[in-house]
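So that you can see what the record holds, here are the features copied from TrEMBL:
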DOMAIN    300-436  domain 'RCK N-terminal'
TRANSMEM  28-47  transmembrane segment
TRANSMEM  105-126  transmembrane segment
TRANSMEM  138-159  transmembrane segment
TRANSMEM  199-217  transmembrane segment
TRANSMEM  229-247  transmembrane segment
TRANSMEM  253-275  transmembrane segment
Amino acid sequence: VRVEYYVNENTFKERLHLYFVKNQRSSLRIRIFNLLIKLLTCALYIVRVCIDDDPVRATCYGCEEDLNHTEVLNFFGNKTDEQFQESPIINWQAVLWVNRTLPLWAIQVAVALVSLSEALLLAYLSYKGNIWQTLRSFHFLLELINTIPFILTICWSPLRNLFVPVFLNCWLAKHALENMFNDLHRAMQRSQSALSQQLMILSATFMCLVFTSVCGIQHFQRAGHRHLNLFQAVYYVIVTFSTVGYGDFVPDIWPSQLFMVIMICVALIVLPTQFEQLAFTWMERKKLGGTYSAHRAQSERHVVVCSTNLQADTIMDFLNEFYAHPHLQDYYVVLLSPMELDATMKMILQVPMWAQRVIYIQGSCLKDGDLTRARMSEAEACFILAARQYPDKTAADEHTILRSWAVKDFAPNVPQYVQIFRPENKLHVKFAEHVVCEDEFKYALLANNCMSPGISTLVTLLLHTSRGQEGQASQEDWHRLYGKCSGNEIYHIRLSDSRFFGEYEGKSFTYAMPASTHTGNMVWHW
């Protein structure tokens with residue numbers, strides 16, 4: 001449901017709060033704009049690094065080189081790497097100052113003004129009487145660090161070449177990305193799975209760690225003897241974080257070494273926490289059984305089996321009979337149940353025969369979210385099995401009827417095959433494609449067995465798929481004969497279309513009966 005705000009805010013702050021925070025769609029636009037601004041600042045930093053090809057001679061804007069700085073330059077030019085390691089000298093001028101062109105400076109100042117204005121406005125709107133809580137916020141302090149130095153350069157031109165750690169805006173971009181996804185889900189009325197949310201946060205955190213490390217080590221090495229470009233810095237950071245450590249690139253001054261030690265410690269603290277949360281979310285999702293993907297539902301055919309309790313013998317009977325039909329071999333079976341899988345069912349679903357074709361989803365037919373996870377609207381059919389764990393069969397039928405109604409309301413075009421106990425409850429699910437009443441079928445079979453002894457055994461054997469291998473190792477002749485005949489099948493065919501029995505069309509039943517007996521199958525002639 002799309003929410004429209006008709007409010008009577010009178011103050012200017014209330015109206016701004018409505019537009020920037022309360023209104024989902026306008027808040028989402030502001031989050032996207034904030035994310036783009038942060039990414040733009042990181043891109044501008046990379047551009048500045050690429051065009052700054054002489055970091056040794058970096059100095060303040062419009063300043064001339066002093067004598068001490070000239071001696072340092074001569075020292076750097078006359079020393080090899082081994083000689084520099086014996087007596088290193090840090091070029092602090094290269095750390096403090098950078099070479100920044102005037103157009104680039106103007107763009108960065110304009111972006112900083114926009115970012116600072118937005119940060120101050122959001123801080124003003126979120127102010128609730130405690131200003132220190134806002135000032136101690138990590139993201140607010142980071143915003144001040146990355147914007148105020150650029151604004152100061154407007155007042156004093158020598159500061160135009162001042163180094164500002166703009167690459168730290170990647171953490172603000174990560175924060176804006178998380179807020180943007182939250183507003184997106186609120187505005188679109190769609191929820192993102194917890195696992196994908198954790199994966200997004202972990203990926204963003206790792207990228208921020210790598211980007212911060214690359215930019216930091218590249219900048220600190222400006223003060224050393226061996227300078228690194230961005231590609232070399234990326235190579236060094238990846239090799240270091242992967243604990244390979246080839247040693248072809250080594251920081252040669254202590255600020256660079258201290259920075260990498262700090263970043264490694266931060267990575268050892270942050271990443272394991274993210275991995276732990278991801279593993280916990282993954283384990284919880286494994287218990288829920290996951291989701292049947294929309295792409296698979298469009299390209300593959302599947303049926304949904306709804307049951308209150310997944311009993312191993314009941315599910316195995318269903319799977320064996322379902323996949324016994326040759327036209328159903330390419331179908332997927334989605335098991336939807338509110339109960340967790342027991343040890344037996346977990347072992348069954350790990351069998352290669354079923355692992356590739358049977359998908360378990362923990363959920364209820366009474367919840368639209370769970371029916372969406374099972375892609376009930378795209379299913380070829382829905383089988384609703386009776387709840388056998390209830391001692392009261394009337395109560396079990398009530399649960400079955402409620403599930404059938406919920407499926408009918410959610411996916412009215414999906415055929416339903418419903419199993420119930422009491423004949424009087426068939427009326428409530430008459431819309432189903434087929435309704436199997438267990439008591440009605442059982443009592444009818446027993447009644448016919450009184451008139452034709454043995455017909456209950458015959459029908460039972462015909463309804464169960466068998467290859468006729470049962471009892472073949474027995475010493476009793478009747479065991480082997482019984483097992484062999486249990487593999488007989490029943491077919492509904494048109495006599496004129498049969499290649500074997502088409503010649504008997506128009507003949508008497510007594511004439512055609514010996515032919516059907518020799519085939520080994522029970523055949524009904526139509």
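Cβ from N, Cα, C; glycine included.
Most Cβ pairs under 8 Å to the transmembrane segment (105-126), among the stretches 28-47, 138-159, 199-217, 229-247, 253-275, belong to 138-159. Note on the domain 'RCK N-terminal' (300-436): DSSP counts are 59 helix, 28 strand, 50 coil.
Counting only same-chain residues 6+ beyond the ends of the transmembrane segment (199-217), those with a CB under 8 A from a CB of the stretch are 42, 45, 49, 165, 167-168, 170-171, 173-174, 177-178, 181, 228, 230, 233-234, 236-238, 240-241, 251, 256, 259-260, 263, 266-267, 270-271, 274-275, 278. Beyond the ends of the transmembrane segment (138-159), by six or more residues, the same chain brings 41, 60-63, 105, 108-109, 112-113, 115-116, 119, 123, 165-166, 168-169, 171-172, 175 to within a C-beta distance below 8 angstroms of the stretch. Across the domain 'RCK N-terminal' (300-436), the model assigns an average pLDDT of 88.
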